[in-house]
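Note sheet for the following structure.
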Amino acid sequence: MDRSSLLQLIQEQQLDPENTGFIGADTFAGLVHSHELPLDPAKLDMLVALAQSNERGQVCYQELVDLISSKRSSSFKRAIANGQRALPRDGLLDEPGLGVYKRFVRYVAYEILPCEVDRRWYFYRHRSCPPPVFMASVTLAQIIVFLCYGARLNKWVLQTYHPEYMKSPLVYHPGHRARAWRFLTYMFMHVGLEQLGFNALLQLMIGVPLEMVHGLLRISLLYLAGVLAGSLTVSITDMRAPVVGGSGGVYALCSAHLANVVMNWAGMRCPYKLLRMVLALVCMSSEVGRAVWLRFSPPLPASGPQPSFMAHLAGAVVGVSMGLTILRSYEERLQDQCGWWVVLLAYGTFLLFAVFWNIFAYDLLGAHIPPPP
């Protein structure tokens, strides 16, 4: 029986004869069992949890429609979150007989989401289509670009020290500020094999699970916001330096995920979470330290200033602010949150300031920038 037939049956049975807008959960459950309706048991569990959050043990008719339709309104989420009892079934970790892919989906649910209700909701409604194509596509493009330049220049380590490398139309250089696409396309270029490997690993390990849970639009927005903030921050704080690498976007993803774990520490069930957080912070700090060293104490003579490290820090700030708002609102529209508009206004103000800075400040301050390659 499809959704429309089920809703028609609900209306025919007159489950709400007084037109109150509410339906008794026990009455509906009895209807499902008496007619042997093929409704997902997980949804019945959520229906019971929803009713338990209501003093009279009833469910709003619209919320029932949303549940059957696999939609989830903010009121539905709040009703479950405010319920006094847990869901009657065991957690996902006790789910038997799962295939390899469903076990991976369960792993992603426990890795990303802090609430058992959210984890079960994601697990039972997850579909493999569309796949998480954004982070995979970005990583693949970065690897292809790196291999092309490595083969062309015959250099695989510290490629930025090759004079021809910085002539790429993808690299951000302060002398080419008018070419606006460079503020984003620099993410496809990397200092060398080590930086590419670090970024690609984090994008696949953290970015892909985040995209599976929160969707392409949210994660691509977060990643690109970190990339753009990285180059614009460098243009303001380190006016002589070029920028390469996708570290702004990577640090936005990582800092957002780590901040989400810290904010929901008690609810997170990912294994060895403290050890993993310490290792992630050590790796990220080491990468920033390496970038600072290459910027101010390059191991080889170079024709000009080396790429700046400020993109890493800018990406981290974007992740903690914008990213935390995005990841905290699973299955809830961002436009319904006041915090989202505050963060969006702050980010828009920064973009506007950075644009005017790049147009006027370099001439007004008499900045001596290196000639573009």
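Using N, Cα and C of the backbone, Cβ positions are placed for all residues, glycine too.
Unlike curated entries, TrEMBL annotations are predicted automatically.
Per TrEMBL, the features are:
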type: ACT_SITE; residues: SER247; note: active site, nucleophile
type: ACT_SITE; residues: HIS312; note: active site
type: DOMAIN; residues: 179-328; note: domain 'Peptidase S54 rhomboid'
type: TRANSMEM; residues: 133-152; note: transmembrane segment
type: TRANSMEM; residues: 183-204; note: transmembrane segment
type: TRANSMEM; residues: 216-236; note: transmembrane segment
type: TRANSMEM; residues: 248-267; note: transmembrane segment
type: TRANSMEM; residues: 274-296; note: transmembrane segment
type: TRANSMEM; residues: 308-327; note: transmembrane segment
type: TRANSMEM; residues: 339-360; note: transmembrane segment
- Item | Among 133-152, 183-204, 216-236, 248-267, stretch most in contact with the transmembrane segment (274-296) (C-beta, under 8 angstroms) | 248-267
- Can you tell me how the residues of the domain 'Peptidase S54 rhomboid' (179-328) break down into helix, strand and coil by DSSP? 110 helix, 1 strand, 39 coil
- Task: Please give the sequence-distant neighbours of the transmembrane segment (133-152): residues at least 6 beyond its ends with Cβ less than 8 Å from one of its Cβ atoms.
- Result: 159, 165, 168, 170, 187-190, 193, 196, 199-200, 203-204, 207-208, 210-211, 216, 219-220, 223, 246, 249
- Hey, which of 183-204, 216-236, 308-327 has the most Cβ-Cβ pairs under 8 Å against the transmembrane segment (339-360)? 216-236
- Message: With every protein chain in view, what's the tally of Cβ atoms within 10 Å of the Cβ of SER247 (active site, nucleophile), excluding that atom itself?
- Response: 32
- Task: Whole-number Å only: compute the distance from the Cα of HIS312 (active site) to the Cα of SER247 (active site, nucleophile).
- Result: 6
- Short question: which residues 6 or more past the ends of the transmembrane segment (308-327) have a Cβ under 8 Å from it? 112, 210, 214, 218, 221-222, 225-227, 229-234, 237-238, 241-243, 245, 247-257, 259-260, 263, 284, 287-288, 291-292, 294-295, 334, 337, 339-340, 343-344, 346-347
- Message: Could you tell me the mean pLDDT the prediction assigns to the domain 'Peptidase S54 rhomboid' (179-328)?
- Response: 89
- Counting every protein chain shown, other Cβ atoms within 10 Å of the Cβ of HIS312 (active site) number 25
